[in-house]
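Here is the structure we will look at, set down as structure tokens.
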Amino acid sequence: MEQSTPLLLLLVLVRALTAQYSEGSGYASDESSNNEVYVELRPSIPQPDYRVPRWCYDLKIQDGEAACYSPRGGGYRSTLGTRCSLSCDQGFRLIGQSSVRCMQNRRWSGYAYCRRIQCHVLPAISYGSYQCTAGVNEGSRCDYTCSPGYQIEGDRNRVCMEDGLWSGGEPFCVDIDPPKIQCPNSREKVAEPEKLTAMVHWGRPLVKDTADGVITRVLRRGPESGSEFREGEHIIRYTAYDRANNRASCKFIVKVVGKDQTNLKFAHEQHGSQ
């Protein structure tokens with residue numbers, strides 16, 4: 001019994017040491033085969049290296065320019081610490097940061113792009129139109145013209161400026177052309193027997209507006225058609241107005257002669273033909 005006691009103590013000690021080794025080493029013994037060991041992998045952070053020629057990607061900006069300065073000299077455009085100033089071509093506006101730097105995480109410190117400068121579409125004008133050299137893009141010039149019978153009032157052209165606004169103000173077309181009017185032909189009529197008057201008829205004057213074709217009113221000075229006219233000459237005048245209040249006038253003569261005057265005229269003509 002005394003001889004077996006040291007042997008038993010030795011077995012217990014070996015068992016304890018084996019268990020302690022298994023728990024602290026990251027490995028499992030046969031009795032703990034179900035235990036799992038995880039190894040945590042941390043992402044690697046690139047160590048700063050100013051000697052790497054392409055630490056960040058090459059910086060390019062469409063419709064613009066990136067002017068870069070590197071600590072290693074002018075031949076390098078994307079080394080660590082490189083600074084770039086961004087600008088846009090004529091007719092474009094920079095959206096974003098105007099200056100960026102190549103950082104330790106191999107990325108640029110900001111983002112920018114060039115957007116084309118455009119103005120709003122110009123509204124149509126009544127009785128006129130316009131034509132533009134480059135649509136609504138910056139620098140485009142739009143020239144205005146008016147329809148026949150109209151004249152431009154205001155700015156004849158407008159330019160899309162760098163701030164996205166049109167220069168000048170919106171013009172408009174003014175009707176300056178008076179209407180056309182043609183009166184009936186002058187006429188002569190013999191007075192009725194035993195009367196000193198005659199009834200005279202005529203048609204309406206011919207009136208036309210050269211601009212929008214609208215005649216607002218036609219006024220007459222003198223007796224109306226179908227009136228009784230005494231012997232002598234009578235002037236009938238018509239005046240036409242368009243929508244812009246331009247006016248045009250015409251006149252004709254109504255002459256009433258007595259029967260004795262007609263006979264005298266006939267005799268004179270007969271004598272002159274002999």
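Cβ coordinates are placed from backbone N, Cα and C, and glycine is handled just like the others.
Owing to the predicted nature of the structure, the values given are computational and were not obtained by experimental measurement.
Marked as signal peptide by TrEMBL: 1-19. Per TrEMBL, the feature domain 'Sushi' maps to 66-116, 117-175. The disulfide bond feature in TrEMBL is assigned to CYS146-CYS173. What TrEMBL records for 174-258 is domain 'HYR'.
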For CYS173 (disulfide bond), nearby residues of its own chain (Cβ under 8 Å, 6 or more apart in sequence): ILE125, SER126, TYR127, GLY128, CYS146, SER147, TYR150, GLN151, ILE152, GLU153
CYS146 (disulfide bond) in three-state DSSP notation: strand
Secondary structure tally of the domain 'HYR' (174-258) (DSSP, helix then strand then coil): 0 helix, 49 strand, 36 coil
CYS146 (disulfide bond), number of other Cβ atoms within 10 Å: 22
Secondary structure composition of the domain 'Sushi' (66-116) [DSSP: H/G/I, E/B, coil]: 0 helix, 26 strand, 25 coil
